[in-house]
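Undergrad: Sharing a structure with you now.
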Amino acid sequence: MSGDSLIAGSFVVADYVVFALMLVVSAAVGVYYAWSDRGQKSSGDFLMGGRSLTALPVSLSLTASFMSAITVLSNPAEVYRYGASIGFYAISYVITMVVTSEVFLPVFYRLAITSTYEYLELRFNRATRLLGTGLFIVQTILYTGIVIYAPALALNQVTGMDLWGAVISTGVVCTFYCSMGGLKAVVWTDVFQVGVMLAGFLSVIIRSVVLQGGISPIILDSQEGGRLNFWDFDTNPLRRHTFWTITIGGTFVWVSIYGINQAQVQRYISCKSIKHARLSLYLNLIGLCSILLASVFAGMCLYSVYKNCDPWTAKRVSAPDQLMPYLVMDILGDYPGLPGLFVAAAYSGSLSTVSSSINALAAVTVEDLIKPYTKMSEKHLSWTSKGLSILYGVLCIGMAGLASLMGGILQAAISIFGVTGGPLLGLFALGIFCPFANSKGALSGLLSGLAVSLWVCIGAQIYPPTPEMSRPLPLTTQGCNFTTTNNFNWTSTPLSAGPSPFTTSPTQISDGNDLLADNWYSMSYLYFSPIGTIIAISVGLIVSLFTGGLKLRVESRLTLMKEDTTFYYLFKFFQDKVMRRTGKLDLTKDREKKFGNTNRAFCDVELDLTKRNIPT
């Protein structure tokens, strides 16, 4: 593949039509829900979809939220450079869904909260809640900046379209349908955008398979090039990607997203019953694994096509994240509309994540920073939510400017999530699992977890891991036959990218005697999250025990109860079977009252019938 024919702006009218259609459909969903829900009187309707959503759209929305343009662009490039071991994320997804549906979902659903940080005030105190809220807002705006910038960069490479024009148009469309239609618009645009993302991947995969003469040659090429490096069970925590770093580290990262991140929790709490909420989490697993599989296979196609001529080493692209757009223009350039479909896929990933973030930021601000301190009517709060959606949209566009100064997209995103997500996960785990954890323990645990995570993260930026630990796989340019000099201006902004896959460009190189640099800082970036979680829990428990935590009496609804878990019901089910088989009569059975398990937020009056029982 020479790629000489590429010229900036090689999009044709059909590509722009496909791309514009995706934007128009997304915006139209916002208009539709703004019109159909114009009778909305409360901020709850706007932010929580009236708590009446069903499992299927919510599950697709959960998938779309964090499967962003970063997934579309970086995962295939990751497989191309480091191999397909990121396929092990599938295991961490499964563990994440089980933990979320068994631990976090029952507690949050029972409390019928809008902001996850309300829980922190109920369980600890207001200071903990405000700290949690502040961290979430900073983390989300930073992450959203990267998410807007990534597809704009891809667009800039493929179409020569103005980089900042793309950034601003992403932000504007997103902000438009978020502020018009609220959570319902966000959820239904996500459903459409998951379809577009899969279609974009499939167009690249199908064309590559046809070009390479079937699926087997692609798998064979990947095997010969060492890309199918699944059996790497090295326990060394300094190694960048192994089975253990991805399954253990990845699980902590994803649990901190699904278990406690406002953008995800807000969705499944808005389901009409807890059964729908649980089902949405497990259905979302299918979506997550489909997109992971598609992105890993797209990376294998990328390697198969460029195995003899690596465009990155040959300076045809200036960063690994541009490899996918390069491939798209190379193999799909002759098919009008298909490059547009791929760019729409990258854009869809971005839109879905940004819209989730904007909606979550508005919810957190209203619930945690406005409601407790003002006495506004529901109608005013609803308008405030819409105004905040616009404000956060503008702020996220501004953050994209900062993202342009950051290096590798994937690593930066997960590092940000790891640093704040880890300690926050530890904080919530303390509240849910440890009845004797008090507010002093919670705050000190969170702050120390954050301090250590930041220390490791900053250290890793100063002393990047050595190639022996990250192990980039060999790439070659022997088969290249470029006839002309590079007439394709790939970049409009300077990007940090090494000229060769074997070199990293550390700011400072350790001399081998520095123990911290060689071991502590060189740890796999996926372990930043577990470190934060473990330190937050350990410090929190120790401080709580020394500050009278054992005397604490916590309401049982704020901690995990055995009745919350599916395992409890499975145990009861088998117990009943055994009872029936042995013929024993269980007299306590008849006394049990059975209540429906609908959304608590619907109940106008809750009668606690257990309090009427006369103690005997």
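Sequential numbering from 1, following the chain as shown.
Cβ coordinates are placed from backbone N, Cα and C, and glycine is handled just like the others.
TrEMBL does not curate its annotations; it predicts them automatically.
Model, not experiment: these values are computed from the prediction.
According to TrEMBL, the protein has these features:
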type	residues	note
TRANSMEM	6-35	transmembrane segment
TRANSMEM	55-74	transmembrane segment
TRANSMEM	86-109	transmembrane segment
TRANSMEM	130-151	transmembrane segment
TRANSMEM	163-183	transmembrane segment
TRANSMEM	195-220	transmembrane segment
TRANSMEM	240-260	transmembrane segment
TRANSMEM	281-306	transmembrane segment
TRANSMEM	341-366	transmembrane segment
TRANSMEM	412-434	transmembrane segment
TRANSMEM	441-463	transmembrane segment
TRANSMEM	525-552	transmembrane segment
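Explain the structural surroundings of these features, please.
TA: Sequence-distant neighbours of the transmembrane segment (86-109) (same chain, 6+ residues past either end, Cβ-Cβ under 8 Å): 75, 78-79, 116, 119, 230, 241, 243, 246-248, 250-251, 253-255, 257-260, 265, 268-269, 274, 277-278, 281-282, 284-285, 288-289, 292-293, 296, 428, 432, 557-561, 564-567, 599-600.
Same-chain residues lying 6+ beyond the ends of the transmembrane segment (130-151) with a Cβ under 8 Å from its Cβ atoms: 68-70, 72-74, 115-117, 120, 166-167, 170-171, 261-263, 321, 343, 346-347, 349-350, 353-354, 357-358, 360-361, 364-365, 368-369, 392, 395-404, 406, 409, 412-413, 416-417, 420-421, 424, 427, 443, 446, 450.
Away from its own ends, the transmembrane segment (341-366) comes close to residues 15, 18-19, 21-23, 26, 43, 47-48, 61, 64-73, 114-115, 117, 133, 136-137, 140-141, 143-144, 147-148, 150-151, 154-155, 158-159, 170-171, 173-175, 177-178, 182-183, 185-186, 189-190, 192-194, 196-201, 203-204, 261-264, 266-267, 324-325, 328, 332, 381, 384-385, 388-389, 392-393, 396 of its chain (Cβ-Cβ under 8 Å, at least six residues beyond either end).
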Undergrad: Using Cβ atoms and a strict cutoff of less than 8 Å, what residues sit near the transmembrane segment (240-260) while being 6 or more residues removed from its termini?
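TA: Distant Cβ neighbours of the transmembrane segment (240-260) are 62, 66, 82-83, 85-86, 88-89, 91-93, 95-97, 99-100, 103-104, 116, 230-234, 281, 414, 417-418, 421-422, 424-425, 428, 465, 469-471, 524-530, 533.
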Undergrad: Counting only residues 6+ away from its ends, which parts of the chain sit with a Cβ under 8 Å from the transmembrane segment (6-35)?
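TA: Apart from its flanks, the transmembrane segment (6-35) reaches 158-161, 169, 173, 176-178, 180-182, 184-185, 188-189, 192-193, 196, 326, 329-330, 333, 336-341, 343-344, 347-348, 351, 487-489.
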